[in-house]
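In what follows, a structure is listed as structure tokens, so that the remarks can point back to it.
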Amino acid sequence: MSVEKAKAYWQLMRMDRPIGTLLLLWPTLWALIIAAEGTPDWHVLLVFVLGVVLMRSAGCVINDFADRKVDGHVKRTQQRPLPSGRVTAKEAIILFLLLGISSFLLVLTMNPLTIQLSFAGIVLAFIYPFMKRYTHLPQLFLGLAFSWAIPMAWAAQANELPWVVWFVFAINALWTIAYDTQYAMVDRDDDVHIGVKSTAILFGRHDKLIIGLLQLLTLVMLVWLGLHYQLGQSFYWSVLAAGALFVYQQHLIRHRQRELCFQAFLNNNYVGMVLALGLFVAFW
């Protein structure tokens, strides 16, 4: 394999842009920390960190495969490996299968409940990229896909799925819809032109308000989670920090400028990080 081909595969998996991996990793760590009520099992932690990297990469590959005929018409995505011809559709599918199989082999080291849950995760990862053609709610499907690691991680750590798992699942899904709508605001004009659907288009002039409401509901549910587990001040400080970051994001998107909307999206990495840190300290 040539250096250029390897570089194209690397870019196709978005290994040069880790934001998506981080946004998937943080809620996975939330689940592991809460399920373990502190430090998770090291084997489980390693499997899920590696699994997050592999599955996020697989998701990027199948997403670009699904979008290969439209990415060439969007300024931000014209130079991606598939529309630029550096990777063929067949090569992308083979890479997706290799990543998916590698992820599944990792899951096979977990308990039966986790293995059963993994099948739904694979389905969600595969269908999400195609939703933008059929519904204005692809961000909802991303919320489901990015949140599915939560019940899987919880099951791997505790071998059970109490109802609170789905509460944490909902928290992350709401947050994901909010930040992916910010991301969709970057491409809104191009998406309207080529017929791709998104919540940014659906919400229209109410986009900032609805993002704000989703963020507010996320914070309220986080506070309730802290009360349920009787967590200490460190967790509430992390929720307060997340709220401050949400306010900053609202400031960034106030004029709907592409670059600033993208910065708001990237800022969500810090939201996930401070919440993971707050949970870890609270359960320590």
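Keep in mind that glycine also has a Cβ here, set from the backbone N, Cα and C atoms.
Taken verbatim from Swiss-Prot:
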TRANSMEM  18-38  transmembrane segment
TRANSMEM  42-62  transmembrane segment
TRANSMEM  93-113  transmembrane segment
TRANSMEM  136-156  transmembrane segment
TRANSMEM  161-181  transmembrane segment
TRANSMEM  209-229  transmembrane segment
TRANSMEM  233-253  transmembrane segment
TRANSMEM  264-284  transmembrane segment
Test the contact criterion for the transmembrane segment (264-284) and the transmembrane segment (18-38): 3 or more CB pairs under 8 Å, pairs 6 or more apart in sequence, then answer yes or no. yes
Which sequence-distant residues neighbour the transmembrane segment (233-253)? Criterion: at least 6 residues beyond either end, Cβ under 8 Å. 182, 185, 207-208, 211-212, 215-216, 218-219, 222-223, 226, 260-261, 263-264, 267-268, 270-271, 274-275, 277-279, 281-282
Lying 6 or more residues past either end of the transmembrane segment (161-181) yet within Cβ distance under 8 Å of it, the residues of that chain are 23, 27, 30-31, 34, 113, 139-140, 142-144, 146-148, 150-151, 154-155, 198-200, 203, 207, 210-211, 214-215, 217-218, 221-222, 224-225, 228, 264-265, 268, 271
